[in-house]
Amino acid sequence: MDSRTYNPRTVEEVFRDFKGRRAALIKALTTDVEDFYNQCDPEKENLCLYGFPSEQWEVNLPAEEVPPELPEPVLGINFARDGMQEKDWLSLVAVHSDAWLLAIAFYFGARFGFDKADRKRLFNMINELPTIFEVVTGAAKKQVKEKSSVSNHSGSKSKSSSKAQRAPESQSRQSKPSQPKEEDEELDEQDDDEHGETLCGACGEHYGTDEFWICCDICEKWFHGKCVKITPARAEHIKQYKCPSCSNKRARP
């Protein structure tokens, strides 16, 4: 099915469409940032950043049809690339991408007759996720730190702890000494509280105890192993892990 013409009709379908497009845009601005940067050549015509429900992104010219079938992303993102610092340019693209995602979602809502309750439910579902801007700038991580216990949360970011976290959750639990059942459950609850608010620096989704995570030793952001293509076995041999964004950082004119 063509991701450009797919029309979700229920609140759940629109939200699924929103999440897919959002994941694609976050990928372009974080893990795939080097490729995205190179595609936004200022010498080319007006370019747009598209995100599709399939979680794939694309830099391309805007739709030729007027009016377009769907709301279009902001034009000319490539023109500002070399006129400002890279982090500021990425933040600007992120803000416009957030606005485009909301426009798409509420376009579907209007087109398929969502009532007040449906629109409110859709917005509440969307609002539970950090914005692309918050993920790209690290604001989402700062908000998490403010909500959770600062001492416990910051302690989990130490290098010794981050190395331990690279091992699968099930493996680390198996290595614990045998304890009474009640005490073991209490430790599990504390672990969930400590990491439950953590967000993946690539996809922006919450921490899950059944998923493998790895922490960047440079920016200290956490990532799903699958989002940065790192397996538990590979992590064991990494002395200092650098996420894709930190690995791709270089001096820009």
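Counting starts with 1 at the first residue shown.
Every residue gets a Cβ built from N, Cα and C, even glycine.
Per TrEMBL, compositional bias 'Low complexity' is recorded for 149-178.
Here TrEMBL flags 182-193 as compositional bias 'Acidic residues'.
Predicted-model confidence for the domain 'PHD-type' (197-249) is 82, expressed as mean pLDDT. Taken from TrEMBL, the feature domain 'PHD-type' applies to 197-249.
Here TrEMBL flags 144-193 as region 'Disordered'.
Nonlocal intrachain contacts for the transmembrane segment (89-110), taken as residues 6+ away from its ends with a CB within less than 8 angstroms of a stretch CB, comprise 7-9, 14-15, 17-18, 21-22, 25, 29, 33, 49, 51, 70-74, 77, 80-81, 118-119, 122, 126, 131-133, 135-137. Under the heading transmembrane segment, TrEMBL lists 89-110.
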